[in-house]
Amino acid sequence: MKKRKIGIIVVGMYLAMTIVRIYLGRYMHHITFYPDEMLYHTFAYNFVHGKGMTIYGLPAGFYKYLYSLVIAPAMLIPNDTYQSLAVTIINSLVMNAGVFPIYALSKDVLGEDHKFLSLIACGLYLLLPDITFTQGYMTEILFLPLSSLLMYGFYKLFDHKFHKYLSIGLGFGLALLNTNRSIALFMVLAYALLMIGYGIKTVCLAIYRKERDVIYNELPVFYNALLMGFVFLCFYELNAFLVDEGNVSGGIDNVVQSTALLLYTGYALKMYFVGVLLAAGILPIILPFIYQKYFSKQDHSFFLYVFFVMLVGIFVTVMKITLKEDLGTEMPRLHLRYLCNVWIPLIIMFMKITLLLSEKHIKDIKRLIVLICCSVVYVLVFTFSYSGTMVKAVLDHPMLNITNHMWPELQMIIAVFIVGYLFLSIFEFVIEPKKIIIVFLCAFVSLEVYNNYYESNALKDLNQIKIGMNEDCQSLKKLLQQHQESTFLMITDETDDLQGAIDTYVIKDNFFTASQSDLFKKQSKKPITFPHKIEMKNPYWIGEKTFSTVDYLVLRNVRNFEIDQDSMKKIVSCHYFSIYKLHNHHQLPHLNRKLIIKDKKKVIHLNGINDNLLDTETYFQSDFKQTYKKPFQSGKKKGYLLHGLSAILNQGHYKITINYQANQDHLAKAWISSQNHILQSPQQLLKGQHSCVFMLNAKENLFNFDINVESYGEGVIVNEVIIEEI
């Protein structure tokens with residue numbers, strides 16, 4: 001096919017899939033994944049409305065702003081429905097644009113004689129299930145095409161010649177990519193490791209051969225690396241200077257200091273490797289790795305680079321995210337979307353090595369045995385050890401959404417699919433190796449189509465605005481516009497559909513969302529009077545904002561706390577929430593937590609982190625710093641080890657049990673109270689592991705009910721609180 005005709009086909013594929021993505025995402029969607037989506041969307045809105053990079057009226061030191069600038073023009077559209085559609089159009093145009101560098105890469109790697117395979121690579125890119133992110137506000141929308149362009153730049157760089165302008169461009173491009181997603185540093189670190197390894201190899205080779213020319217011949221490679229690194233660091237530091245990154249939390253932050261950390265790290269790495277192998281289709285990773293010596297020098301360097309990006313991505317993700325958010329869970333969430341830029345380059349290199357094996361008629365029995373053994377081990381690990389508990393993490397692993405259905409019913413189907421690769425590996429040495437590409441692509445495309453279908457439907461269920469929410473948002477916006485001098489405060493700890501709709505379509509300087517948990521904590525000591533600092537719900541690293549007064553409260557119709565109705569007046573009633581005008585603008589009404597006692601028993605575990613860290617509900621506060629596995633542990637000084645429940649306890653007979661352990665007698669005392677009045681005499685906690693029991697006959701509903709433990713020194717741990725209705 002002629003070059004012009006190929007170009008027209010690629011452009012046609014781009015336009016066709018862009019239209020398809022726009023059609024799939026044409027519904028009105030809202031923020032779903034907190035806090036990132038909220039930041040990207042709010043930054044974009046505030047930027048085009050002259051408020052800069054702010055959120056809740058406060059400057060936020062958040063450096064991932066590039067995607068926000070891309071969707072910013074859509075925020076100028078006043079109509080919410082058309083604004084949502086405009087974002088989808090921009091997302092689809094941008095994300096599908098990665099097909100052009102993918103075509104250029106595949107054409108250079110596979111050669112002019114295999115243009116059809118280059119078109120296949122383009123199709124594989126356009127079918128990536130990660131592209132369904134065009135239905136939301138995710139930075140992968142810009143990361144995938146931009147990183148694909150940088151991947152192509154790296155391939156051109158690995159021809160072992162000095163490229164001044166290309167090195168400068170790649171350095172700037174990596175710094176630019178970092179302003180979109182910090183996972184851009186995967187590519188930087190992978191290149192640095194590759195250059196270090198290459199440098200050591202070159203020096204050792206020069207010493208072994210006693211030839212200095214070996215080093216001189218490779219100097220262009222290191223010149224490229226130094227120039228690129230210098231440019232990257234300049235722009236990276238410039239961005240860090242302009243945007244305060246100190247507020248962005250990262251790393252493990254000493255989550256735990258124990259052997260459990262090391263063991264879970266190994267477990268998480270194992271599961272990531274298994275997941276990555278399956279997501280890539282096994283052969284695109286194993287086959288090029290085993291036969292890498294048959295690559296040309298440029299192809300070999302590029303394959304190693306992509307392989308290093310994958311390894312670095314796995315390791316850093318486990319260190320910075322898994323150990324921070326999923327520690328202790330049965331199955332860590334596999335954040336394979338962070339590796340979305342390596343799948344197609346790996347498949348291109350797989351097609352290249354298969355063509356080379358075909359042309360050179362290579363039948364390496366030793367490597368064949370290694371390949372088969374790896375596949376057999378993989379089948380055994382996956383079929384018998386790989387848990388399907390990642391079902392709920394739809395967005396985190398688009399390439400593995402086939403596992404989100406019936407389990408273990410799909411075990412046999414997937415095992416058969418994987419065993420098929422064993423036969424493909426054997427047939428490679430029996431039939432023409434080129435045919436393996438066709439068989440593999442048929443299987444891989446079928447998985448891509450399925451994952452696309454599942455991901456699109458799942459995201460639509462998550463992102464689509466529910467009936468009545470748009471009308472509620474419009475009512476709230478209208479009231480905010482009418483009372484621009486008044487302060488509206490929404491109280492919630494939820495990040496569900498309703499909160500997503502409000503955060504997407506209600507962005508006003510006089511509207512704020514406060515953390516319910518923070519209010520419970522603050523009111524446990526004394527009533528909240530203004531001016532007062534209140535912690536914002538999202539993003540969590542913004543911290544507290546000082547309020548001089550609060551005029552209106554926005555409260556959900558269905559909520560897990562009650563509030564004094566006599567202190568306010570309902571002025572607007574909506575489908576999902578109501579708006580109240582406070583009688584006293586200088587004091588916040590007291591909140592009372594609703595205790596849902598199922599089967600007449602409420603058990604509150606305090607002896608460790610729950611199975612899902614992201615869904616942990618806090619019932620109690622502590623004056624002491626909490627540590628992993630022993631969060632409610634006394635300190636050296638006197639203080640409240642347990643307090644802040646602030647609940648409504650309905651009329652009835654109750655047995656309240658506090659399970660604890662203490663190093664010695666009289667280190668702490670416990671009591672129950674209502675509205676700061678002690679209901680029963682305090683009990684001293686004794687040495688050993690015991691239970692402290694209170695029998696309570698509540699003749700009327702008790703408000704601001706609390707369970708308190710005060711300690712006088714180290715050595716007391718509260719493990720559990722049980723409230724039983726007798």
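The backbone N, Cα and C atoms fix where each Cβ goes, glycine too.
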Q) Given 165-183, 488-506, 564-582, 678-696, which one carries TrEMBL's transmembrane segment label? A) 165-183
**Q.** Contact check, the transmembrane segment (302-323) vs the transmembrane segment (82-104), 3+ Cβ pairs under 8 Å, seq sep 6+
**A.** no
Q.
Which sequence-distant residues neighbour the transmembrane segment (165-183)? Criterion: at least 6 residues beyond either end, Cβ under 8 Å.
A. 63-67, 139-140, 142-143, 146-147, 149-150, 153-154, 156-157, 223-225, 227-232, 234-236, 239, 250, 313, 316, 338
